Amino acid sequence: MAIHRTVLMCLGLPLFLLPGARAQEQAPPGCSPDLNPLYYNLCDRSEAWGIILEAVAGAGVVTTFVLTIILVASLPFVQDTKKRSLLGTQVFFLLGTLGLFCLVFACVVKPSFSTCASRRFLFGVLFAICFSCLVAHVLALHFLVRKNHGPRGWVIFLVALLLSLVEVIINTEWLIITLVRGAGTEGDALGNGSAGWVAVSPCAIANADFVMALIYVMLLLLCAFSGAWSALCGRFKRWRKHGVFILLTTTASIAVWVVWIVMYTYGNRQHNSPTWDDPTLAIALATNAWAFVLFYVIPEVSQVTRSSPEQSYQGDLYPTRGVGYETILKEQKGQSMFVENKAFSMDEPASAKRPVSPYSGYNGQLLTSMYQPTEMTLMHKAPSDGAYDVILPRATANSQVTGSANSTLRAEDIYAAQGRQEATLPKEGKNSQVFRNPYVWD
């Protein structure tokens, strides 16, 4: 008997090991034999849809992460305060888009308790976050396009957060009701009338029920779509392009939702292909998330650092007073245009000062006019003085000697000009007015 038992054990041992060996042999091409069968869709080369969606979702995760960093890093460079108030909502939108790309992996992986629960809860919540941000942005655009000033940034973010929390409450209640159901069998067996609770698999749900749980998300999508149309009407046209971005995004989202709902509830069943339910959800997530990135996120990031026309106009009239070397040179150059030569403006009255250079009328012609004494010279001139009168010359329009390249009147030029005039003019009596060098005594 002992020998027979030993023989049976030796023959039965391979039978226990045979299912494991068969499972290892049935691993699809491209997957490791030690890999959990739950993740075969991620590496199965015979069904390439999982690998393609995995690559698309991975690229989306990287792109969304980079755009989030760019948007946050551009905060100090945003000149328009109205655009700065929308940055919080747009970052919240990017986080929702990043979650959609990550949820694609849960739809590619084969159904289990954790994957089905995450699909049912996060599918509606993540889309609700994105569409709530679009609704809040549309609400802000209604004020901006008509009054050129909108609500504060925390108000816009609070609106998006409250709208998305509604879907969180709906999905939480739905999961509690469907996953934990009361069954009176155990309570009746105990005889105390208490109800027992039996856990139900989250995957055991009809496709139509899954779609019906997303009615609130569809309502948010329709609100964003209709609000984008009304945001295109207003006096301030520079805000209309943001409404166009939202309109394109919601239009693409509506098209994606119509297609995947029809395929998920009707098309797959008609073609007897229930195995395409998971690819349908994964394709819908990846397509709509990329629509968010291409039609809304990238255009908004490109517009966030651009200044408003009002700021550009004010910058032309009142340039920013910086501390750079070029700014100092410009200011000195602008001020030097109106600085007088103090040697020739000592006798100017204070009321006659104007921000115009006294040499601005010089035309470069030969000195032909006679120099006239100023008021101060006539007041201090004694009647008996004749040949030794000191006359302070004034700079006039024709106060330059031929060949001089400088517009400033110099004493040497005055002396040379007066010397030529004294040689040509006839000498008169002592009382005659003689124009002499004001700096040299005879």
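Every residue gets a Cβ built from N, Cα and C, even glycine.
Given the structure is predicted, the values throughout are model-derived calculations rather than measurements.
Copied over from Swiss-Prot:
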- Thr424: phosphothreonine (MOD_RES)
- 24-50: topological domain 'Extracellular' (TOPO_DOM)
- 72-85: topological domain 'Cytoplasmic' (TOPO_DOM)
- 107-120: topological domain 'Extracellular' (TOPO_DOM)
- 142-155: topological domain 'Cytoplasmic' (TOPO_DOM)
- 177-209: topological domain 'Extracellular' (TOPO_DOM)
- 231-242: topological domain 'Cytoplasmic' (TOPO_DOM)
- 264-280: topological domain 'Extracellular' (TOPO_DOM)
- 302-442: topological domain 'Cytoplasmic' (TOPO_DOM)
- 51-71: transmembrane segment (TRANSMEM)
- 86-106: transmembrane segment (TRANSMEM)
- 121-141: transmembrane segment (TRANSMEM)
- 156-176: transmembrane segment (TRANSMEM)
- 210-230: transmembrane segment (TRANSMEM)
- 243-263: transmembrane segment (TRANSMEM)
- 281-301: transmembrane segment (TRANSMEM)
Tertiary contacts of the topological domain 'Cytoplasmic' (72-85) (same chain, 6+ residues out, Cβ under 8 Å): 91, 140, 144, 148-153, 156, 301, 303-308, 311
Leading stretch by Cβ pairs under 8 Å, where the reference is the transmembrane segment (281-301) and the options are 121-141, 156-176, 210-230, 243-263: 243-263
Recorded stretches the transmembrane segment (243-263) and the transmembrane segment (121-141) touching, at least 3 CB pairs under 8 Å: yes
For the transmembrane segment (156-176): best-contacting stretch of 51-71, 86-106, 121-141, by Cβ pairs under 8 Å: 121-141
Secondary structure composition of the topological domain 'Extracellular' (264-280) [DSSP: H/G/I, E/B, coil]: 14 helix, 0 strand, 3 coil
Cβ-Cβ under 8 Å with the topological domain 'Extracellular' (264-280): same-chain residues at least 6 beyond its ends: 41, 49, 53, 107-108, 110-111, 207-208, 210-211
Long-range neighbours of the transmembrane segment (86-106), counting only residues six or more past its ends (CB under 8 A): 42, 53-54, 56-58, 60-61, 64-65, 67-68, 71-72, 75, 78, 115, 118-119, 122-123, 126-127, 129-130, 133-134, 136-137, 140, 153-154, 156-157, 160-161, 164, 282, 285-286, 288-289, 292-293, 296-297, 300, 304
Other parts of the chain folded back onto the topological domain 'Extracellular' (107-120), taken as Cβ under 8 Å at six or more residues beyond its ends: 37-42, 50, 53-54, 171, 174-175, 179, 201-203, 205, 210, 213, 278-279, 281-282, 285
Helix, strand and coil totals (DSSP H, G, I; E, B; other) for the topological domain 'Extracellular' (107-120): 10 helix, 0 strand, 4 coil
